[in-house]
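Encoded as C-alpha cells, the structure appears first; notes follow it.
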Amino acid sequence: MPISKRKQKDDEQSVTSESKLPVKNVPALMGEGEKFFRDQLYDRAIQCYTEALELSPGNMNALVERAACYLKTGKNDLALNDAEESLKENKEFTKGLYQKAEALYAMGEFELALVFYHRGKKLRGDVREFQLGINKAQEAIDNCVGDPDLVKLEVKGDLSYFDKPDEKSKKKMNIGYQKPYAQKQQAVQKREKRALKPGSQKTIKQLLGELYADKVYLENLLNDDHATRVNTKAGDAIWLLANNGLNFLDSRTEFWRQQKPIYARKAVRQSNSSIKNPLNYVLNQLEIIDNLQSAGKHAESLDKSNRLMVYVNKSPDSQLTDKKSIISNIHSSIGNAYLEMGKYELALQNHQKDLEISKDSDNKEGISRAYENLGRVYARNGKYKSAIDIWEKKLPLAESDMEKAWLYHEIGRCHLELGNYKLAEEYGEKSLEHSEKISDEVWKLNATILMGQSQAKMGDEENLKMSIDNFEKAAEMTEKQKDEPARKAVRKALAECKEKLRKLQVASVKDVDEKEDQNENKQEEKIPSEKNSPRESNKKDETPRKTNDSPKNIIDTPRSNKEKTPEPKNETPRSNKEKTPEPKNETPRSNKEKSPEPKSETPRSIKEKSPEPKNDTPRSIKEKSPEPINDTPRSQVSEKKPSKMEYKIQVKTSDDLSSGIDANVFITLIGTQDELRDIQLKQTNNDSNPFERDHVDNFDFDDLNYIGKLKKIVIGHDAPDSSWKLEFVNVTYDNTLYRFDVNKWLDSDFKKEDEKLASVELEPSSIIENVNYYEVEVKTCDDLSAGTDAKVMLDIYGSSGELLDVQLKNPSNNEDPFERNAINKFELNLKNIGKIQKLAVMTDGSGSGSSWKLAYIKIFDSKYIYTFTANKWIDSKTELLLDGEPVQANSL
C-alpha cells in the first residue's frame, strides 16, 4: 500500500531567521543557549546549541554545553555521546573530560567516572569541579561496595590454605593456646540472615540489567548449605564473598532507584499488538522518527531509523505489502538526520538511494521527496548550481501552491548566492504569486524580501527604488506578524538601500554638473571664432553698416574679456583706426578729461555716441568677470582628491596543509581613475617571513597615487611551480575597506603563457565605507594556567546600534597570544560604529588550556580610549562594561 508523503523541509515557521534573513552566528547562538540554561529552559538551550553545531560542526564548546543540557533532562546517553564527540580531536579538552565524567556518574559508572575526574584534575588542578567530582564518585563507590577499611581481610583462623607451597618447606609453628570455640562463635555471629531489600524482583531486574543473573547466582550460592558449611575454611570464605557481592548489588540497585526512579523502571518493550501487525508498527515508528526530527533530536531519530531499517529488512514481504516504499522512506529519514548533523556526504548517499528506489517502483511522491531533499543537501553544502538543477526537476512534480511557493523561493535564493540577481528577482515574483494564492503571510514575507535583496544587489537607481518599496512592504508584514528579529533585519536592509540610493543620486548630480561645465567651456571657446568672421568681412568690405554694427561690438567686447582671450582688445582699436582715426584720438582725450575710470578699464569701448554703453561696459566687466575666476577653483576643490594617499594591504594565507609559499608576491590595483601595477608585497608589519600557513600579513604604502574607487585587483606570485592557497585580500585607503574573498590555490593552472606570474583577477566581495582604525590591547592575568591556546572573539557594541564581531589573531607584538601575564596588541580596520558602549568576550574552547583568565581589554581609536576591566575566567560568553567614561586620546 502507498505510504503517505512525509517531507522534511526546512522549518517553515522559522524561515525568516534561516535562509531569508541574515543567519545568526555561532557566538550569538552560544550566548542564547547559555541564557536559556541559566533560566532552566533546557530544551530551548539544546535547540540553540544544535543550531550552533549546524553552523560549526564539531564545535567542542557547543557539544559540551549541549551535553550539560542533556544531563539536566535525564538523557544521559546523549550527553555521553556529545562529550565523547568533543574529545575526538583533542583528548585533553578539559571541558569534554568533565562532561564525560558527569555523564558516566549519572549512568552509575562510578569507577569510570572517577578515572576521568582524575584525568581532568591532572590537566587542570586549579579547576575545583574535578576535585568535587572525585569526592562524590569515591563516596558513591564506597556506598555501593563498602569502605575498604571496613572490609579488609582479617587474620583469623588458619590461613595456610593460601600459602601451601611455603607450608611444605617450613615446620609447623606452635601458635600457643587458643580459647576453645572462639572462632566458631565469631563465624556464627557473622552469619546473620540478610535483610530483604524493598521492591519487586521485576523492578530489581530492570535496574540491574545484566548483573541480575549474578545476583541470582550469588543468592543460590548463599543458600547452598553444602558450599557454605559453617566452621569450615572453604565454607566461610565462600559465604563471605557471596554476602559481600550481594551487598554491593543491593547498594547499586538502591542508588539507581534514587537516581532514575522513572527512566530505570520504564519497560522498553513493544506491545503485543504492534508485533501482531508489523505494518502498523512500522508506520508508528516512522511517525515517531518524524516527531523526533521536528523536535531537533536528530541523533535519536537516526538511531531509531537504523533500527527500523534492520527490522524491515528482516521482515518477510508478506507482512509488509509495500516494502520498497517503506525502505525509501527510511532512507529519506536517515538522510535528513545526517543533513541536520552536518554529514552531507552520508545525507547525499541516503537521498540518492531514496531516489533510485522511488524511480524503480515508479513512486512519484518518493521521486518528488528525493529531489526536494537532494536540493536541500546541495544548497546547505554551498553547491547552489547542483541544487538549482535538482529543484528544476522537481518543479513539474510540485502540486500545491505552498510547495511551489517554497520551491520557487529556494531556487531564487540559490540564484542570489550565485550572483544571478535578475533570475533571483524573477523567481521571487513567482514565489510571491503562489503565496498570494494561498494567503500565506510567512511566504509572502520571504518572497518580498528575496525580491528586495535581488534588486538591491543589482544596484542601479531604478532597482534600488523598487528594493526600497519591497523592504517597506516587508517591514509592514513583520510588524503584523510580530516577528521582532525579522523586523530589525528588514529595517537595517531598508536603511542600507536608502543610503545607497542617496549616494548614487549625489554622484549622478555631480556627473550632470560636470557635463554642463564642460559644455559651457566648449561654447565659450567657440565665441571668439564666431566674432572673427564679421571682423574679417568688415576689413574686406567697408560700408556704412559698420557703424550700425559697432554697438554690437561694444556689447560683445566685455563678453570676450570675461571669457578668455584679450584678442578683442587688440582688434577693437584696429577697427577704429580703419573707420575714423581722427575721432579715435580725440575720444580718449575727452575721456581723460571727464573721468579716469574708463581709462583703466577698457579704452576700446569708447564711442562718440553716448556715455551709456560706455558706463555699462565697466559695470558688466565688474559684475561678470570675477565669476569664471571663482567658478573654476570651486569645481576643482569639490572633485579633486589628494594626488598621494596611504594604502594598507592585508593578505591572509589559508590554514590548509602546505598552503604557504616562499615566493615574491605582486599585486596590481585597478581603479576608476588610474592603476598601480606590480606592487611587490615584501615588507610586513608583523612577520619577517610572510605568506606562511594561517598567517595574516599587513603591508603599508604611504605615498602612492590616488586611483579613484577600486574596481578590481590582480594578485599572484613568481613561482608557478609552487602552490599557494590564498584565503582573502583586504585593501584599505580613502577611508574605505575593499575585501576580496579568494579561497583558491594559485599554481600553474593560473599562469598564462605570456605571463611570468601565477595570478588571479578579483572583484570586491564587499565594500565597507567609513572605516575606522582600532587598536585592541589585551592583558592576560598572572595566575597559574591563566593563558589559553583557544581562539578569542569579541563582540563590540557601538552607539550607532551596530555590532562588530571580531576574532583577535596575529598580534602586532607577539606570535603566540594570550600567554600568562602577556600584553597583546591587535590592529584592526573596521566599520565606524560610533562610541563603544560594551564588549562581549568569548573563546572557542579549543587547545589544551581552553579556560582563560582575562585582566583587562583596552580599545584605542582616533578620539577615545575605552577600558574594560575583567579579572575573571572566561569559559563562556562574558559581557564587560566600560570603566566609567572613555578618556579622550589627546588628553594623555
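Just so you know, glycine gets a Cβ as well, placed from its N, Cα and C.
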Given the ranges 273-319, 414-460, 461-507, 790-836, which one is assigned the annotation coiled coil in TrEMBL?
461-507
In this predicted model, the repeat 'TPR' (26-59) has a mean pLDDT of 87
Determine how many residues of the repeat 'TPR' (368-401) DSSP places in helix, in strand and in coil.
28 helix, 0 strand, 6 coil
Beyond the flanks of the repeat 'TPR' (368-401) by 6 or more, those residues with Cβ under 8 Å of it:
5-10, 328, 332, 335-336, 339, 344, 347-348, 351-352, 354-355, 358, 407, 410-411, 413-415, 417-418, 434-435, 437-438
